[in-house]
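Annotated in Swiss-Prot:
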ACT_SITE  E110  active site, proton acceptor
ACT_SITE  C360  active site, S-methylcysteine intermediate
BINDING   C130, C134, C137  [4Fe-4S] cluster binding site
BINDING   G184, E185, S216, S238, L239, H240, N317  S-adenosyl-L-methionine binding site
DISULFID  C123-C360  disulfide bond
DOMAIN    116-355  domain 'Radical SAM core'
Amino acid sequence: MCNNEAKMSELLSVQSDAPAKKINLMDLTRQQMREFFKELGEKPFRADQLVKWIYHFGEDNFDNMTNINKKLREKLKAVAEIKAPEVAVEQRSADGTIKWAMQVGEQQVETVYIPEADRATLCVSSQVGCALACTFCSTAQQGFNRNLTVSEIIGQVWRASKIIGNFGVTGVRPITNVVMMGMGEPLLNVANVVPAMEIMLDDFAYGLSKRRVTLSTSGVVPALDNLSKMIDVALAISLHAPNDELRDEIVPINKKYNIKTLIDSVNRYLNVSNANHGKVTIEYVMLDHVNDGVEHAHQLAEVLKNTPCKINLIPWNPFPEAPYAKSSNTRIDRFQKTLMEYDFTVIIRKTRGDDIDAACGQLAGDVIDRTKRTAMKRQFGQNIGVTEVN
């Protein structure tokens, strides 16, 4: 049985065991939705129509889908629904950035819209909280509760698109790029992140270019090695340190997959990817007198000498009780210039949305149950949240 058929059988078996529970069509890729319609005794092309209604037109009411006959609409209403996360809180920054706290069950995750002159980027969450315990990140301090479902991930894009609306009417630039850089580690939720990204790329849905969908990871190497077999999207690596001793401290997953292991995996991905223009994005948060010295820049250049990349230097964004300080502009500039001497492309990322705690590393959401992270920490020590991928 193929993966799509297995998925549909699982969904439909749940449906038969619990008739009151409807299938959320946002949990299905277009191919899975075609299988769903076949199970209903309908033509598979109906899936193409549904996907276009849901994502192109932002429609979640079957009655408004005028090219679908009434009998089928009634059948769909009986067994299916179209349900995206609702906005619990919206905050708007003076610089145009918008942060939404999206309600997912009893918890909330955060989604950030970042408009620029020539594009608009949506930063999407993949988990409720995060289990990786990076010491400089607010999300990690909230603990971990669970993975988001496909509908909770793609639903963030749907909800944001619905709010932003038509550029000609609202004056707000439509979403052109999606980055999986919100709450959570995407490669610890591959089963739901990949289908959500497939919907982003689908021409019947959002039709984004693979170069405009970026997955950011702290380095879950087995999942990264498998990623290219599942989907081709742009890749960003949350590196943040140039040596294992320091990275073990601030990005604890490094104890499981060290820098060399991670960079080797990145190079393998680049060898088969068409989405990255031959380069990976390296993310490096600047922590005052921790990882921002000239010696660190030289070490980073050595680590990346055989990896085509561009380097984003990210001014650290404070959060309560954090043990760090923000690097001075002088230290960041010196770090950049040192790397540029090695002919790297180095960009100092402009901080956006920090007045509403929407900047990099500040997303926290509302993680009610932290017991899972505590239990995982007891079992694995600092290597929490690491799942082997076959």
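Placed from the backbone N, Cα and C atoms, the Cβ positions cover glycine too.
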Task: Between S238 (S-adenosyl-L-methionine binding site) and C134 ([4Fe-4S] cluster binding site), the C-alpha gap once rounded to whole angstrom - done: 10
Open item on the list: Spatially, which candidate from the binding-site residues G184, S216, L239, H240, N317 is nearest to C137 ([4Fe-4S] cluster binding site), comparing Cα atoms?
Closed with: N317
TODO: Work through the recorded positions one by one (E110, C123, C134) and name whichever has its CA nearest to the CA of E185 (S-adenosyl-L-methionine binding site).
DONE: C134
TODO: Report the largest Cα to Cα distance, in Å and rounded to a whole number, among the residues G184, E185, S216, S238, L239, H240, N317 that the record lists as binding S-adenosyl-L-methionine.
DONE: 19
Open item on the list: Validating a neighbour-count step here. Other CB atoms within 10 A of the CB of S216 (S-adenosyl-L-methionine binding site): how many?
Closed with: 20
TODO: Going by Cα-Cα distance, pick out whichever of the recorded positions E110, C134, G184, L239, H240 is nearest to C123 (disulfide bond).
DONE: E110
Open item on the list: Taking the Cβ of each of the recorded positions and counting other Cβ atoms inside 10 Å, which one has the highest number: E110, E185?
Closed with: E185
Task: binding-site residues listed as C130, C134, C137, L239, least Cβ neighbours within 10 Å - done: C134
Task: Mean of the pLDDT scores, which run from 0 to 100, over the domain 'Radical SAM core' (116-355) - done: 93
- [ ] Going by Cα-Cα distance, pick out whichever of the recorded positions E110, C130, C134 is nearest to L239 (S-adenosyl-L-methionine binding site).
- [x] C134
Task: Between N317 (S-adenosyl-L-methionine binding site) and the residue listed as 'active site, proton acceptor', the C-alpha gap once rounded to whole angstrom - done: 16
TODO: Tell me the Cβ contacts of H240 (S-adenosyl-L-methionine binding site) under 8 Å, same chain only and six or more apart in sequence, or just say none.
DONE: C134, F136, R247, I250, V251, E283, Y284, V285, N291
Task: Among E110, G184, S216, which are recorded as recorded positions, the nearest neighbour of C130 ([4Fe-4S] cluster binding site) by Cα - done: G184
